[in-house]
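**Student:** This is the structure I want to talk about, given as structure tokens.
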Amino acid sequence: MENYLNENFGGVKSKNSDGESLGKWRKLCGVVKNPKRRFRFTANLSKREEAAAMRRTNQEKLRVAVLVSKAAFQFIQGVQLGDYTVPQHVKAAGFQIDAEELGSIVEGHDVKKLKFHGGVEGIAEKLSTSTAKGLSDGFESQRRREEIFGVNQFAEAELRSFWVYVFEALHDMTLMILGVCAFVSLIVGIATEGWPKGAHDGLGIVVSILLVVFVTATSDYRQSLQFKDLDKEKKKISVQITRNGYRQKMSIYSLLPGDMVHLAIGDQVPADGLFVSGFSVLIDESSLTGESEPVMVTSQNPFLLSGTKVQDGSCTMMVTTVGMRTQWGKLMATLSEGGDDETPLQVKLNGVATIIGKIGLFFAVITFVVLVKGLMGRKLEEGRFWWWSTEDCLEMLEFFAIAVTIVVVAVPEGLPLAVTLSLAFAMKKMMNDKALVRHLAACETMGSATTICSDKTGTLTTNRMTVVKTCICMKVNEVSNNKVSQLPDLALKLLLESIFNNTGGEVVVNKMGKREILGTPTESAILEFGLSLGGDPQGEREKCKLIKVEPFNSEKKRMGVVVKVQDGGGLRAHSKGASEIVLASCDKVINSNGEIVSLDEEAMNHLSKTINQFAGEALRTLCLAYMELENGFSPEDPIPSSGYTCIGVVGIKDPVRPGVKESVAVCRSAGIVVRMVTGDNINTAKAIARECGILTDDGIAIEGPEFRQKTQEELFELIPKLQVMARSSPLDKHTLVKQLRTTFGEVVAVTGDGTNDAPALHEADIGLAMGIAGTEVAKESADVIILDDNFSTIVTVAKWGRSVYINIQKFVQFQLTVNVVALLVNFSSACFTGNAPLTAVQLLWVNMIMDTLGALALATEPPNDDLMKRAPVGRKGDFISNIMWRNILGQSVYQVVVIWLLQTVGRWFFFLWGPNPDVVLNTLIFNTFVFCQVFNEINSREMEEVDVLKGMWENQVFVAVISCTVVFQIIIVEYLGTFANTTPLSFVQWLFCLGVGYMGMPIAAKLKEINVE
């Protein structure tokens, strides 16, 4: 079976599956009872094609707009536009431009219209906003603004009501056929036996169908609510804006036209807008235009489109068009209808359902033929072959209903849906554990992970950084003893100028009037250090005019600015970044007397030794340098990369997170290799890795540049022992992930927070983005967002992933056992006795036990610590393992033998010679069969362990399902005999049924001693 599944249903990957693979398995799915329900959580390929067509149209439209915009620059002088008339309702609301006009300017890249309206400042004035202070609206003004320009929200599919799920559940073909059988049975029964006696059989089937439908619909509806909650969490995105004169964080869904939004590398543009100010802004518009070449946004080309991404630089943008008025809004509405890709397990279980469905259909047909043959034989013996009574017709109808019900039981429609149920349950619980799953497949894939490539900063460490040591003017000092403040005037002046101008952070005053530092933890630590030296951020910025900014990126590992110093100070460049890289660009240094001297070998050795000493103490080191640009500088030129004067080196403490060492040890015991991939100094990386338990005595630590030089043969030798990669570029991380996946067949989870991490996150089997430090680009490329940036949460995700995988295996084991036994019992009985012991109503109840209720009980089992003591499944593990086949076959043989013995010697054993012995015997068989499934469900909680009761009472869902099953079984047998074809049993008979069911537990324990691996 496993080979058949891999060949026909194994083409779908956990991510990035092609359309051909997604379409192939659908064609192979036969014997589908209810397509609406079975394929509810699979991708809608036709809707995806519509979205792709719409995207192509948008791309062409926007490409033309860009070309027209470029051409317009050449002819803009002297061109006159017709007068624009402001709609009356817009003017009455206090604005001088409407949403359609704004949309046509930005989306059409219409330079002429922009100039006509007075440029960016003119648009700001017409929108009643300020480019410096943002919106200053009160509540009433905001409401009017929303009415005129709309809100920044996309159209979403409405939540379907419970009755829609009931309607879909009724689309089950087999239930429809049974419904027709019930209707015919009612008509014939009432006509021959009168009301109410003649209606019992028909009503019994109707009530059973309704019960199955409502239980199924309730389960499906609850799942839909869980997914709705998770979708809301996925869409929680915040941006920095200026409103009422204050910088503040705000949800993108609260943005209004006129808001001033601050964008940085890795941000997704949250609405259409116009560039106000900024430096080196490169925008990736491929999501809208299809063009891979990034677009430079400047005051000459100020158009920013919603859904595009900031690839480099930073800027302030004025929002002009929001929500469904943007092309991105329209595209997102279409894309959402396409749905998520189905997961590999969903596809595989669709394959299992197809195989078993075909076998069940074959057995159902044979059973029907055998039963009809028995009836015909009887009629022939009695000499009334051509004469049909009402009883004969009802009997034939009953045979047909039994055959159809065998198909109901045999086609395990709930198998693929059990995956969704388990994943929905796990995703909801993982949210509480600070992990937001963006793609269903990531949940199950994480359970197979064999290696984790983790960042250092913020994941293994706390990301709460402080400058604790410095080497300025060639003197090493601890920041806490305040000797740093006793610096020569020149050094202090240059240091503060560098700190407050060459930064990606900002010191602002919040609504409470308190000083607040915005920016990355590294930038915040250095700004905090600058403030402790008595620096005035506003004053330092006013002394200098920014000419050019080159933001930090993980390729260069440095950032730089060029400033024009006021009061005739000339042009000066500042550089800051990885210590050894910035230091290598220096040829001078400020000495202890505050004089600028040549950086000789002795000074270089002293600084290098200091950097290594700081790094050995697990400090993150940064070097600050400057140079005078005496020959002038053009903003079009790159900032010089050599000839600098070293101001000093700072050592930043970023403590290891509590519990990380224990989590790494848990991973090791679970067979998961943890590797650290960081951009930091190798000595810092090694010190942290040893503290975390990642770097062992036989492990290798290597730098990115050295890793890049290795041949394929050398990588084959190196990678299995590689535990730390320092000074790595995003390309190094991508190469390592690709090598682990393709060459070594590992299932790789990788963490990332920056824009440049997106390729590695995309390449990995599971991409894990950081929720706090991560950029929007990284989050969009990830499968799971770690909301607290904590490595321990990644281990929790792995544990839940394993739990999902094993829970589904448990459910499959349980359901296949019920399938095998139900088929064999009814088929063998029909062949040898001419009737089926389990009626249509009884089989429907069994179907509910094994399908919806079984999935609820077994697929929602919470994880335990023992899961992390097993080896990972990896890429090539069999889903239906030998252990599962052993348990299925062992239990099936026991149950079939017991029921066969009951059929053959049951009358003699229980002295059933009174009235209706067949009804009593069939009730015994039905009751015994159900209690065998109840105890088998308990057995299925553990596939290998003997102690199946461990932790059972903590799982309230499981206990509730088992309790409900037992209670309803008692009610069916004792009180609903008229409808369910049962009769009340004696105390001894009840004990016998319980005893036979219970005996399955010691038998299961013995089976688990048989080694089949």
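In case you wondered, yes, glycine gets a Cβ from its N, Cα and C as well.
In case it helps, TrEMBL gives these features for our protein:
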type	residues	note
DOMAIN	114-190	domain 'Cation-transporting P-type ATPase N-terminal'
TRANSMEM	169-191	transmembrane segment
TRANSMEM	203-221	transmembrane segment
TRANSMEM	355-376	transmembrane segment
TRANSMEM	396-426	transmembrane segment
TRANSMEM	893-913	transmembrane segment
TRANSMEM	957-975	transmembrane segment
TRANSMEM	987-1005	transmembrane segment
**Student:** Would you mind giving the whole-number mean pLDDT across the domain 'Cation-transporting P-type ATPase N-terminal' (114-190)?
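**Tutor:** Within the domain 'Cation-transporting P-type ATPase N-terminal' (114-190), the model's average pLDDT equals 83.
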**Student:** Going by DSSP, how much of the domain 'Cation-transporting P-type ATPase N-terminal' (114-190) is helix, how much is strand and how much is coil, in residues?
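**Tutor:** Counting residues per DSSP class in the domain 'Cation-transporting P-type ATPase N-terminal' (114-190), I get 48 helix, 3 strand, 26 coil.
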**Student:** Grab the same-chain neighbours of the transmembrane segment (396-426) for me: Cβ-Cβ under 8 Å, and only residues 6 or more beyond its ends, written as numbers and ranges.
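**Tutor:** Long-range Cβ neighbours of the transmembrane segment (396-426): 31-34, 37-38, 40-41, 172, 174-175, 177-178, 181-182, 184-185, 188, 201, 205, 219-220, 223, 226-227, 230, 343, 345-347, 349-350, 352-353, 356-357, 359-361, 363-365, 367-368, 371-372, 375, 437, 440, 443-444, 800-801, 803-804, 807-808, 811-812, 815-816, 818-819, 822-823, 826-827, 836, 838-840, 843-844, 846-847, 850-852, 854-856, 858-860.
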**Student:** Which sequence positions outside the transmembrane segment (203-221), separated from its termini by at least 6 residues, show Cβ-Cβ distances below 8 Å to it?
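**Tutor:** Result: 37, 40, 162, 165-166, 168-170, 172, 175, 178-179, 181-182, 185-186, 401, 417, 421, 840-841, 844-845, 847-848, 851-853, 855-856, 976, 978-981.
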